[in-house]
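Following: one structure in structure tokens, then a few remarks.
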Amino acid sequence: MLETSLHKRRGLNIAILAGLSFVFLNEVPVSQGVWPMPQKISQSSQRYPLSPEEFTFQYAKDSAAQPGCSVLDAAFRRYFTLIFPGYSAPSASTIRVVPFTLMVKVHAGGCEEFPDADSVERYSLGVYAGQGVLTAETVWGALRGLESFSQLVYQDEYDAYYVNKTEIVDFPRFPFRGILLDTSRHFLPVEVILKTLDAMAYSKFNVFHWHIVDDPSFPYQSLSFPDLSEKGAFHTATHVYTQADVQRVIAHARMWGIRVLPEFDTPGHTQSWGKGQPDLLTPCYRGPVPSGTFGPVNPTVNSTYQFITRLFKEINAVFPDSYIHLGGDEVNFFCWKSNPQVQAFMTKMGFGSDYTKLESFYMENIMNITAALNKTSVVWQDVFDYHERIPRNTVLHIWKGTTAQYRQELSRMTEAGYRVLLAAPWYLNHISYGQDWKNAYTVQPLNFTGTEEQKKLVIGGEVCMWGEYVDATNLTPRLWPRASAAAERLWSDEEQTSSVSEACPRLAEFRCRLLRRGIQAEPLYVGYCKHEFQAL
């Protein structure tokens, strides 16, 4: 067995072992391996032919999950197609193929539950003659192992299927590995969201951060406040997410082991809210008279908190995840400053002219509402930067700054004892000519000044795809495979995956795999895939 990192270069397969190079002839083709790179993988040149007709999934007798487990039963059906792409009928191959069983053992149940912040994704996988053994503590770990196995299977020049002798022990570096989609600036059809969830699972992302509403539109169709989408959506018939749509997204995500984290950003970014909820936003003034425009949510009136409480009770019932994102970023104080009622409230509260204290007052009230619902609040870094009294279990989300600035922010937040998510270096809606995936790949999330205890508070990171210039026409190629570069940084051991040059051929092969799975991923550079994208 070889501890290997496998690469194809100029017609050769090269394995690197303790600084030494070994060369295998191409007569024994090997998959470039698993993306993202497992924590430990041992792979040999010994290969086993596979036949779709002789391949089966099977639950181990002592597995806590058995037939009827909704998550794994569905996964077996999905992964059969992914393991054997192009298979449609029994082949006439003369290659002698022995039956192969992938035996799956799960230590804990949870087949009908939802993934959450504490879900364990560790798994081990062994591939031997006639059998693979996949062991995981939970069904979520089993899903990650099924994905890894699917990437080990390859086809030779005659399209026969093979898998090499392999042993893997794997677990994520960070428990939170997210992708944000913005469905307010451009509406994304449900099918596009579902396809993105599929692609996320192929790269072992596990959180879909749904930035569902914002200034431009309010597509979430609320049962408690139907006017929010009736008056705030781009189009009430075609550009809304009904309750059935939302449940469809949540159910689809669950089957891939993906959490759905909803974001309802306030007090700023709420212009669309005001169209359907009178008296929610702050009237702006021009001198002594209203200007006819509105600013952020009005934090000075009780009706605001009554409305938020009722809306969040609904959101709590609709979205099962224990986290909710409250936003709190980019609040423009102009309207608050111009409004005489707000000015009087500032005086009454002793806030002087410091409007960050007014935002703090609002956010503290909102976080109390979510705490009463047993939700963990996630907020953008602005909330911390304004020195607000933040509950200790709040998760802080870094979205801005240069490398030096976000590293300083990581130090400050973790020193204060808060859990942190990093998004600043992964704003992939920003594009540039060339191989900018390398920028996402070379991020070092824990390279900041702090103790080991501080670094344990960094729970993960997130790729953000904001929607100013992104809709269903360009979302997928802009996101993939660039997001996969971030996925490896969030899943894999950093020392083992520090080389961009070694990652490049692996990511190129993975990108070809995405194409064959129907994901319209853009190319890394000059080249081709044996199976080019066909869904045109």
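Just so you know, glycine gets a Cβ as well, placed from its N, Cα and C.
All annotation found in TrEMBL is predicted automatically rather than curated by experts.
Marked as active site, proton donor by TrEMBL: Glu330.
Sequence annotations record features per position, and here TrEMBL assigns disulfide bond to Cys69-Cys111 (among others). Listed in sequence order, Ala65, Gly68, Cys69, Ser70, Val71, Leu72, Val139 are the same-chain residues six or more apart from Cys111 (disulfide bond) with CB atoms under 8 A from its CB.
The annotation disulfide bond is assigned in TrEMBL to Cys284-Cys335 (among others).
The Cβ of Cys529 (disulfide bond) has 16 other Cβ atoms within 10 Å, all protein chains considered. As annotated by TrEMBL, disulfide bond applies to Cys512-Cys529 (among others).
What TrEMBL records for 34-152 is domain 'Beta-hexosaminidase eukaryotic type N-terminal'.
Annotation comment: TrEMBL describes 174-493 as domain 'Glycoside hydrolase family 20 catalytic'.
Counting only the Cα atoms, the space from Cys335 (disulfide bond) to Cys529 (disulfide bond) is about 55 angstrom. Neighbours of Cys69 (disulfide bond), defined as other CB atoms within 10 A of its CB across all chains, total 22. The Cα atom of Glu330 (active site, proton donor) lies nearest to that of Cys284, taking the disulfide-bonded residues Cys284, Cys512, Cys529 as the candidates. The separation of Cys284 (disulfide bond) from Cys512 (disulfide bond), Cα to Cα, is 53 Å. Confidence across the domain 'Glycoside hydrolase family 20 catalytic' (174-493), taken as the mean pLDDT and rounded to a whole number, stands at 97. Cys529 (disulfide bond) sits 57 Å from Cys284 (disulfide bond), counting Cα to Cα.
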